[in-house]
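Under the heading compositional bias 'Pro residues', TrEMBL lists 40-59. The compositional bias 'Gly residues' annotation in TrEMBL covers 65-75. The feature domain 'M23ase beta-sheet core' is assigned by TrEMBL to 146-239. The region 'Disordered' annotation in TrEMBL covers 16-75. According to TrEMBL, the signal peptide annotation covers 1-21.
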Amino acid sequence: MRRLALAALLLLTACSPSGCGQEPGSPQTADTNPEAEPLPGDPDPTPAEPETPPAPEPVSWPHEPGGGLYPGSGTGATDATLWAAGIRFPMEAGPAYANSQVYGYGGFAAPGPGSQCDVRNYSYPWRDNFCETRSWTNGMCPAGKGHQGQDIRPATCEKKVHWVVAAENGRITSIGSYTVTLLGDSGRIYRYLHMDMAGVNALFPNAASRNVTRGQHLGKVSADFGGNATTTHLHFEIKAPVTSGGGATVMFVPTYSSLIDSYGRMLNGAA
Ligand SMILES: [Zn+2]
């Protein structure tokens with residue numbers, strides 16, 4: 001009986017309610033004690049390199065190359081100049097879809113049955129449509145004529161929802177029946193077509209209101225076309241001084257590369 005009691009006492013000494021073994025807070029051996037003094041001749045302890053989180057992958061989106069028009073819709077511009085580096089993407093938010101209205105679903109030369117609001121029009125990849133077949137003069141197009149800007153659908157097919165914004169600081173010089181013209185401080189001219197023009201006129205009722213800053217609301221994407229209707233989209237143009245033969249002419253320039261540049265910045269939080 002006495003022997004059993006002794007064994008029980010030994011067991012109680014070795015084990016606590018939290019388990020058997022070394023008690024928390026019991027002294028460490030000198031080898032593992034972080035507070036231990038370095039021995040003479042020991043090299044200085046080198047602090048561990050702080051962990052640097054890997055840089056996030058830039059956000060990208062599928063887009064066809066500049067000049068790569070929809071097959072059968074014309075011959076694209078060969079000029080790849082970034083004509084308007086640093087502009088604000090002309091819609092306040094993405095996603096947005098640069099593509100063709102005429103050669104997209106619901107257009108006059110659609111690839112098949114479908115409405116303008118077809119989900120296939122509201123999807124990537126982007127596609128250039130500067131120089132798409134038109135009768136308008138365009139010195140940058142191989143044919144000497146063609147579409148003078150880029151068509152961009154907003155995130156959804158709804159009218160009067162998606163804000164259009166100023167590409168740079170400047171002044172609105174004209175508000176027509178479906179066109180807003182912005183003269184940027186850079187000297188470039190931007191034209192925005194097919195916004196909700198009643199809304200535009202409400203925002204800019206007089207000359208004093210027409211100085212704008214980069215990113216400022218200009219109006220909302222709609223389908224205004226001077227009494228006719230078009231699809232829900234923004235037609236965006238850039239005119240810039242182009243030097244040729246010793247003189248400079250302000251003319252329509254390829255738009256797509258500047259839109260890729262600005263959309264990429266916007267997607268990555270640096271609009
Ligand atoms: Zn257009």
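Every residue gets a Cβ built from N, Cα and C, even glycine.
Here the compositional bias 'Gly residues' (65-75) has long-range neighbours at 99-100, 102-104, 109, 127-129, 131-134, 141-143, 146-147, 254, 256-257, 260, meaning same-chain residues at least 6 beyond its ends whose C-beta is under 8 angstroms from one of its own. Residue counts of the domain 'M23ase beta-sheet core' (146-239) by helix, strand and coil are 10 helix, 42 strand, 42 coil (DSSP-based).
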